[in-house]
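Chemist: This is the structure I have questions about; it appears just below.
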Amino acid sequence: MEVFEAIESGCVSDVIKALKGNDSDPNMVNEYGCSLLHCAVENGNTEIARILLLEGANPDLYTESTPTALHRAVILRHYDIVNLLMEFNVDPDNYENHESRTPLEYAVKLNDVKMTKTLLDYGADAEDIYRFNCPINDAAANGNLEICKLLIDAGARINSRSMGSVYTIHHAIRSGNYELVVELLSRGALPDVEDELSFSSLHHAVMEGSADMVLTLLEHGASVDVQDFCGRTPLFLAANASELDIVKVLLDFWADTSVSSGRNTPLSVCDLNSDTGIEIAKQIISTMVINTEYKYHKVINEEARRNDLEIIESNNEMKDWKDSCIEEVEKMRKTTLGSDRRSLLDLCLNCDDNAIAKCLNCISCEGFFIYRQLIEYTIERGLLRHESLDKALDVMEKAFEKNRNVKDNGLKDWSDLPLGIKYDILEKIDEEDLPYC
């Protein structure tokens, strides 16, 4: 085995001499199942690897105990040798015999961005349907945004599933990388996919404890009241885990407080021995009270709601809070605004943005505490719509500005309309269709 010893020494001339002197087979293997090329790769010697390949060494050779040279070069991060092997038309998608993984999968597992890009540039398959797992799911599980981008650009499916029907978006959420979750959603990841236990992306985000992820998923259309295999909603999990910020986000998106798991509801699992648990209970109660005024809200489980009301009545602190909520709702109902004399309660819950914009100068949070955030959000809606209408009006005015040098032919156009009618016309146009420039 003079050739193996020469390769181990790293002496190029000795390798050439050993190969020529004994008329050695360039694909010979030693007692450990390693070929000459494998040994050169293990030693990171690019020059010797090139000599062996020129002498006819098989770049795709593997044994029962040894993967291909490319596998080893990737694992050892020998970038020059990887490029060399590619020059000799090595198969970038070769599976090693005992692990059934491709070189690309190893590069992804190692979080090696440079190696991943190199393999993809040489045509490695980013989406091999015969893989037990998908490289993009490994990258997402590692929370590696850059590698995920490379794989998606190379054709990886963004809604791939791995063992347990865990989707790419689930892996990303569990990695804790918020930017990766945003990237996947912006690239078309489905927000409502479920694993084999019926845990949705929203469930995973709640279990990860990320209010930002929860908000982003909801903004991308995730179902707020989805249930897992035990009937638990994201709100139930958040209340049970005392995740106050997440509870607030879910309730802002009108999560139903009555969906139960067995006889338990989000309210019943609140930890009333902690300040956070009490605050969560108050958030749920205030939502229960205001929801009765929302014309589009339907209680999913009336029996569970009745049980919650019994819990509230049996606890003095919760009962007092419910009474305060009812009192503030009545105050909002009696506060009428604008020429149409709409109630503040109706504006906040049941009116469109145009109606809010008309009453914008009259709406105030002063004197309100429990539902102050709801009123502030209503004001924000009105401001945004008012700004959009003003911007559209300005565009229309410029577009129809009369040429003073042109003789008036008696025809009426936009410029001749009263301001009130102009606003009435623009109000009938959806936000995305307003004439912006």
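Quick reminder: no glycine exception, Cβ is built from N, Cα and C everywhere.
Swiss-Prot lists these features:
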{"type": "REPEAT", "residues": "32-61", "note": "repeat 'ANK 1'"}
{"type": "REPEAT", "residues": "65-94", "note": "repeat 'ANK 2'"}
{"type": "REPEAT", "residues": "99-128", "note": "repeat 'ANK 3'"}
{"type": "REPEAT", "residues": "131-160", "note": "repeat 'ANK 4'"}
{"type": "REPEAT", "residues": "164-195", "note": "repeat 'ANK 5'"}
{"type": "REPEAT", "residues": "197-226", "note": "repeat 'ANK 6'"}
{"type": "REPEAT", "residues": "230-259", "note": "repeat 'ANK 7'"}
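Quick one: where do these features end up spatially?
Modeler: Counting residues per DSSP class in helix, strand and coil order gives 16 helix, 1 strand, 13 coil for the repeat 'ANK 1' (32-61).
Only residues 6 or more beyond the boundaries of the repeat 'ANK 2' (65-94), in the same chain, are considered here, and those with a CB under 8 A from a CB of the stretch are 29, 32-35, 37-38, 40-42, 44, 46, 49-50, 53, 59, 101-104, 106-107, 110, 112, 114-115, 118-119, 122-125, 128.
Counting residues per DSSP class in helix, strand and coil order gives 16 helix, 0 strand, 14 coil for the repeat 'ANK 3' (99-128).
Secondary structure of the repeat 'ANK 4' (131-160) per DSSP (helix as H, G, I; strand as E, B; remaining residues coil): 16 helix, 0 strand, 14 coil.
Through the fold, the repeat 'ANK 5' (164-195) approaches residues 134, 136-137, 140-145, 148-149, 152, 157-158, 201-202, 204-205, 208, 210, 212-213, 216-217, 220-223, 226 of its own chain, all at least 6 residues removed from its boundaries and within a Cβ separation under 8 Å.
Taken together, the residues of the repeat 'ANK 6' (197-226) have an average pLDDT of 97.
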